[in-house]
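Trainee: Just lifted these from TrEMBL, have a look:
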- 131-156: domain 'Siroheme synthase central' (DOMAIN)
- 160-227: domain 'Siroheme biosynthesis protein Met8 C-terminal' (DOMAIN)
Amino acid sequence: MKGTYPEIQGGGSLILAWQVRNKHVLVIGGGEVAAGRIVNVLNADAKVTVVSPQDGLNDEVAFRVAQKQVTYIDRKFEPSDLDGVDMVLTAVDDPEASSQIYKLCHEKRIPANIADVPPECDFYFGSVHRDGPLQIMVSTNGNGPKLASIVRKQIAAGLPPNVGAAIQKVGALRRKLRKIAPNIEEGPKRMQWMSKVCESWSLEDLCEMDDADMEALLGFYKPGTVPSFEEVRLGEPDGAFDGSFGWL
């Protein structure tokens, strides 16, 4: 049986897409690292509070504050800042203060990331490529952030330029499919049929697909077939579709 199952390597991190929409994220610091952290959590629709003396803000963080994209507290961190917080991101050039903040977070069971101190991180930030709904993260588990960036750029360079748009269209098609086949029992069939669509259609086809194409394509769900994009555009190839997701 050796080799049948994936080898356990150990020493890695559990890579997750953490949903922080409307969660309260505290960013301590206002420099370049803090600026990157702020962008990451704002892009995930978190509610962000920044604690830093004004003279410690770089131009980008100052812009976020001026645009009221974040809540700003003009002073150094105080323990009461942790009240009601769901996540803490610390980016200050003070190892002793950073360690103290991590200990406070640990006591309050608040997940925290302490920049440049891997042992005092409940999670790491990787190097992320973003194209619409597509997010690809590369992590070196704290060993080499610059290498993570280099690897991420190489991966991104090999991706089709329209992959993000294609994923958006697939998402729209899935939502429409759930409306016509909402039952839990339909789950496996839905997944199998959507997989066939993704495997059969090119990224260009998926990008070009409009609402009318989706409605026509969904007519093939019940028989479990997937026509080509050209067949959908030209009309029903095998029978007559009655317009209500059934066959005449």
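Note: Cβ is positioned from N, Cα and C throughout, glycine not excepted.
Note: TrEMBL annotation is automatic and uncurated.
The structure displayed is predicted, hence computed values, not measured ones.
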Trainee: What does the DSSP secondary structure composition of the domain 'Siroheme synthase central' (131-156) look like, as residue counts for helix, strand and coil?
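Mentor: When I sort the residues of the domain 'Siroheme synthase central' (131-156) into the three classes, I find 12 helix, 6 strand, 8 coil.
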Trainee: What is the average pLDDT across the domain 'Siroheme biosynthesis protein Met8 C-terminal' (160-227)?
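Mentor: Looking only at the domain 'Siroheme biosynthesis protein Met8 C-terminal' (160-227), pLDDT averages out to 94.
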Trainee: Per DSSP, what is the residue tally for the domain 'Siroheme biosynthesis protein Met8 C-terminal' (160-227) in helix, strand and coil?
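Mentor: Its residues divide into 49 helix, 0 strand, 19 coil.
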